[in-house]
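Some notes on the structure that comes next.
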Amino acid sequence: MLCLVYNSILCKQRRISLKVLQQFRCWNISKTFLSYRTLTALAIETSCDDTSVSVVRTSDSSSHCQNEIICLNTHRTISKYEAYGGIHPTIVIHEHQKNLAKVIQRTISDAARSGITDFDLIAVTRGPGMIGPLAVGLNTAKGLAVGLQKPLLAVHHMQAHALAVQLEKSIDFPYLNILVSGGHTMLVYSNSLLNHEIIVTTSDIAVGDYLDKCAKYLGIPWDNEMPAAALEQFASPEINSTSYSLKPPIPLNTREKVHSASFSFSGLESYACRIIRKTPLNLSEKKFFAYQLQYAAFQHICQKTLLALKRLDLSKVKYLVCSGGVARNELLKKMLNDTLMVLQFEHQPTDIKLVYPSPDICSDNAAMIGYTAIQMFKAGYTSSFDVEPIRKWPINQILTVEGWLTKKNKKV
């Protein structure tokens, strides 16, 4: 049904200029913005290998805002890349092209069974991420927005991770955000929807990339999981008499570098590769080494987080939020919780709470894209139809890229 509507409208309007479409769409946005307290988004996320589509609804009242994930469908293809040791850039595009329409169809059907047959906006990830996969999702979203005459919201992927916790929990700004994934490792002070100050970021590779490579070096089967998740399942803290030498050094832990405002994981990766290639390891030693490789990386993250917390005005910070795919790791959660206990003991009494999204919302997903799009729409922003995917896009520069429009059709 959606395809029929899309084709019909698109055929009628194919001669209409982009300018006319934008003017019509802006009028429709203003009308919707003024009259609706409930907003529903159809959202698409294709920044890496997962093909994810969701319908998200927010309902505002005078006292609170209720958020609801009507449906979320994510097609995972990670098993196809184990033979390549990572995401294959050509195959991943083909998989998105093959699967996206089917996932959209399933999501729309699921939403219809919940009584939702119309959407107020079309949301999609614009970046940062892999250009090919992003383009598949972005072009599909543009077609849906034009065909259904709905506003387009092209969302910042890491902004969505930073806001993901608000989708499920009543958490207000400001809060400190640890964003840990395959492409990013950042400590961010999230002050508002658009104000995200980078406190610490990685100087080389991301922690998720590091963990994925460690799993590859150790030859751990992925079992339809991300390599980092397979590493977590494989690891064991149990030690024997031959394992003491398998404890990697904590990065940037010297007197000269311990206070530096950066993460670094490339040295740990080189250490892991060197030990595994030169040292024969039995199964128990591999399991212990896998645990220690995680521990060293997470201890590094915790040290920098503790340093940042000591420097911040803690009277304004109520939450330490951990988001992104690596935030699913149970060892990381435990170590961050221990870090807050150290802060209480060393620094000052504080009621900062460690919170994180549910596992499915930690990983790449369209629900967080839909929620973020709705918040941007409420703030008066939409996206033009000529927006292009962005590979690198700092979270503290959300509005600096071309393609944002205000309610009066003015470019930002």
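Glycine too: its Cβ is placed from the backbone N, Cα and C atoms.
The feature transit peptide is assigned by Swiss-Prot to 1-78, with sequence analysis given as support.
Feature annotation from Swiss-Prot assigns divalent metal cation binding site to His157, His161, Asp364. With a cut-off of 8 Å between CB atoms and residues at least 6 apart in sequence, the same chain places Glu45, Ser47, Thr125, Arg126, Gly127, Pro128, Gly129, Asp364, Ile369, Trp393 near His157 (divalent metal cation binding site), listed in sequence order.
Ser181 (substrate binding site): 25 other CB atoms within 10 A of its CB, across all protein chains. Under the heading substrate binding site, Swiss-Prot lists Leu179, Val180, Ser181, Gly182, Gly183, Asp212, Ala228, Glu232, Arg328, Asn329, Ser363, citing sequence analysis as support.
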- Look at the binding-site residues His161, Gly183, Ser363 and tell me which residue has the greatest number of other C-beta atoms within 10 angstroms of its C-beta. His161
- Looking only at Leu179, Val180, Ser181, Gly182, Gly183, Asp212, Ala228, Glu232, Arg328, Asn329, Ser363, the residues listed as binding substrate, what is the longest Cα to Cα distance in Å? 18
- So which one is it: of the binding-site residues Leu179, Ala228, Arg328, Asp364, which has the fewest other Cβ atoms within 10 Å? Arg328
- Task: Please report how many Å separate the Cα atom of Leu179 (substrate binding site) from that of His161 (divalent metal cation binding site), as a whole number.
- Result: 7
- Could you give the Cα-Cα distance between Arg328 (substrate binding site) and His161 (divalent metal cation binding site), in whole Å? 13
